[in-house]
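Student: Quick paste of what TrEMBL says about this protein:
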type: COMPBIAS; residues: 331-341; note: compositional bias 'Acidic residues'
type: DOMAIN; residues: 26-207; note: domain 'Nodulin-like'
type: REGION; residues: 329-353; note: region 'Disordered'
type: TRANSMEM; residues: 59-75; note: transmembrane segment
type: TRANSMEM; residues: 82-101; note: transmembrane segment
type: TRANSMEM; residues: 113-139; note: transmembrane segment
type: TRANSMEM; residues: 151-172; note: transmembrane segment
type: TRANSMEM; residues: 184-203; note: transmembrane segment
type: TRANSMEM; residues: 231-251; note: transmembrane segment
type: TRANSMEM; residues: 274-294; note: transmembrane segment
type: TRANSMEM; residues: 405-423; note: transmembrane segment
type: TRANSMEM; residues: 493-511; note: transmembrane segment
type: TRANSMEM; residues: 518-541; note: transmembrane segment
type: TRANSMEM; residues: 594-617; note: transmembrane segment
Amino acid sequence: MKPYHHHHGDIPPSNIPLLTCALLAALTTGGPTYAFGLYSSELKEMLQLSQSQLDTLSSANFCAGLLTWIPGLLVDRYGVKFSLILGGGLGATFMTAYWAVARQLIPVSHHTILPTLCLLGVLIFMTNGLVIGSIFKLIVATCAPHTKGSAVGAAKGYVGLGSGVYACLFRALKTPLVSDLDFLPLAAILAVVAGSLPAMMLLPNKAELDHILDTTPRIHLDQTTAQHLRFLYVGLIGLASIVVGTTLASLGEDSYHDEEEDAEFQTATAHPQYGRALLVITAWIGPILGLLILPPKSRWLHDNHYEEISHEEVQDIRDIVASIVEYGSTDQDDDEEEDEQQPFNWKPLSKSSSSPALAYGAEITQSVQIKSDAPEGMLGAKIRRSECIPVPNFTLREMLQTTPAWLFLWIAIIRVGGGTMVTNNMGQMVESLHLIPMHTTTPASLALFSVAQAASRVITGAVSDSALSWNIAWQYTTKSGDQYELQGIPRPAFLMVASLAGVLAHVFLSLTTTRNFFLLGVCFSGAAFGMIWPLMVLIVGEVFGTANMGANYMLYDGISSAFGTLLLSKFVTQDVYERHIESEGSRTCFGQQCFFGAHIIIAILSFTCVLASYWFYIATRHAYARRREPESP
């Protein structure tokens with residue numbers, strides 16, 4: 001692979017190598033973050049930890065979310081290439097150190113081992129922040145608005161699939177002599193191979209990237225086509241199918257042979273399954289590297305491949321141009337203040353005499369730039385001009401002075417905390433219910449949770465985008481007598497769906513006692529957990545403005561992970577678990593009651609989120625409405 005460089009002449013620079021690098025790194029962030037439950041039981045047994053100490057370890061990782069603004073500052077200051085290389089390298093170093101301390105290869109006294117592991121967990125989470133900040137900055141900065149939403153959705157999908165892919169890969173390579181803690185060196189290797197090395201090979205340095213962004217319109221820099229995004233989503237579906245398929249196959253094999261007490265099978269599984277591991281890696285990396293092979297947009301233009309553009313795509317572009325002609329401003333020196341007051345305005349760029357017409361038809365002779373905060377849907381979806389009233393750009397301080405900001409923060413804390421409670425305690429839940437075989441049920445549960453949340457992230461973003469333009473309209477009147485009209489379903493309405501899904505998922509998990517129903521409950525919980533992440537990103541920008549979105553969004557991302565995990569995964573779950581340990585001096589609880597109370601408490605808190613979501617929807621629907629002029633008498 002050639003290093004990325006700025007092209008001159010007829011061929012424009014391309015964001016495809018940058019997008020490839022971002023997507024390769026995306027999966028490495030979800031693996032270490034949500035896979036603590038994979039090795040927590042062995043960590044507890046090897047170091048003779050109590051459940052309270054184990055919960056402290058799991059919570060410490062997410063409490064680092066309070067400091068996620070620091071990696072963001074480093075990304076802005078030193079650039080994405082430096083941050084990805086540093087994040088991958090340091091992350092691998094800290095994960096290796098964590099493994100060495102946990103395996104007692106590095107001698108640490110019993111009194112200091114817990115704070116040492118907590119510190120290493122915080123450092124791993126912080127380096128993860130460097131990688132995540134770089135990924136989404138690359139995508140947002142280099143993708144045009146009509147592809148940005150799909151690219152972000154794909155990256156979110158890979159982040160969500162991370163722990164499932166890692167668990168599936170580790171399961172394929174694990175033998176009876178391999179400790180669950182050996183998952184950490186595997187994650188360290190992948191952090192370098194899929195994070196740092198592609199950044200070295202494909203990314204420009206900060207000065208070069210800034211020059212490209214300053215001199216190249218996004219519509220030209222974004223060289224992705226519908227083929228690239230379709231290929232990417234097919235790859236995501238294939239990867240999720242392989243994770244689910246191999247997981248269920250492993251469960252079926254282990255269950256059958258455990259019942260038959262097949263000694264020959266036990267001998268066969270003593271060797272790594274390299275074929276299965278290779279299949280998982282190919283399904284992960286293959287579609288992403290395939291983006292570099294597919295023809296970029298400029299190739300389609302120069303080769304005049306008009307015949308492969310569908311009639312629907314031609315009509316979509318003509319609709320965009322019609323919107324520009326009817327609503328857009330042709331004055332390129334519009335007042336900045338007026339421009340900010342039209343959050344979804346269409347604005348044409350100057351005509352280009354040197355480049356051919358766009359590939360969608362010769363009638364279109366000028367490039368179009370859509371404002372960066374326009375609604376972004378899946379490619380192929382009809383793009384419409386929003387008639388929303390202007391939304392002010394809140395600073396962080398101004399945002400926190402509003403009631404909706406605190407309502408949204410409560411919803412985010414409970415929904416994120418409910419998900420991390422499941423991932424952090426997966427091993428203990430399997431152990432307490434005695435779901436045999438435990439050595440395969442725990443990674444299978446993590447894999448299914450990962451696939452469910454990844455699918456939920458992608459689908460929620462796409463459906464909530466589409467819902468904004470559904471043919472549904474109703475009117476409402478404020479207390480001051482102003483009349484508004486809503487077209488479609490505002491995005492905050494999906495918070496009610498996510499919260500209700502959380503209620504049902506945790507009630508279901510509280511009642512499960514068998515392996516199959518437990519796995520089904522894990523899938524429900526993963527889907528409910530995944531819904532909040534795209535909604536969090538999109539709603540913050542649409543309700544509180546995009547000018548200060550970095551600070552505003554990172555507040556929700558960090559606070560929800562820190563306080564949600566601390567409140568639900570540690571304090572609530574730990575208290576319920578330890579109250580039901582029957583044997584005096586034992587560190588392990590057995591039975592349905594070990595987590596029953598924790599699930600019920602989270603279900604009740606999630607129901608308060610349903611009510612808070614409705615309140616938040618009523619308070620913020622003006623951001624998605626247009627004011628109706630009073631009718632003449």
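Heads up, the Cβ atoms here are built off N, Cα and C, so glycines get one too.
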Student: When you scan the chain for residues with a C-beta under 8 Å from the transmembrane segment (184-203), skipping those not six or more beyond its ends, what do you find?
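Tutor: Contacts of the transmembrane segment (184-203) (Cβ under 8 Å, skipping residues fewer than 6 from its ends): 1, 3-4, 17-18, 20-21, 24-25, 27-28, 31-32, 35, 39, 80-81, 84-85, 87-89, 91-93, 95-96, 98-99, 102, 131, 134, 166, 169-170, 173, 209, 285.
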Student: Do we see three or more Cβ pairs under 8 Å linking the transmembrane segment (594-617) and the transmembrane segment (59-75), pairs being at least 6 apart in sequence?
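Tutor: As far as Cβ distances go (cut-off 8 Å, pairs 6 or more apart), the transmembrane segment (594-617) and the transmembrane segment (59-75) do not touch.
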Student: Would you mind listing the long-range same-chain contacts of the transmembrane segment (151-172), meaning Cβ under 8 Å and 6+ residues beyond its ends?
Tutor: 19, 22-23, 26-35, 38, 132, 135-136, 139-140, 143, 182-183, 186-187, 190, 224, 229, 232-233, 236, 239-240, 242-243, 246-247, 250, 272-274, 276-277, 280-281, 284, 378, 423, 440, 443-444, 446-451, 453-458, 461-462, 530, 533-534, 537
Student: Mean pLDDT across the domain 'Nodulin-like' (26-207), rounded to an integer, is what?
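Tutor: The predicted confidence over the domain 'Nodulin-like' (26-207), as a mean pLDDT, is 83.
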Student: Please work out whether the transmembrane segment (113-139) lies in contact with the transmembrane segment (82-101), by counting C-beta pairs under 8 angstroms that are 6 or more apart in sequence and asking whether there are at least 3.
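Tutor: Touching, yes - the transmembrane segment (113-139) and the transmembrane segment (82-101) meet the threshold of 3 or more Cβ pairs under 8 Å.
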Student: Which residues of the same chain, at least 6 past either end of the transmembrane segment (59-75), have a Cβ under 8 Å from a Cβ in it?
Tutor: 33, 36, 83, 86-87, 117-118, 121-122, 124-127, 129-130, 132-134, 137, 420, 424, 550-551, 554, 557-562, 564-566, 569-570
Student: Of the listed stretches 231-251, 274-294, 405-423, which one has the most C-beta pairs under 8 A with the transmembrane segment (493-511)?
Tutor: 405-423
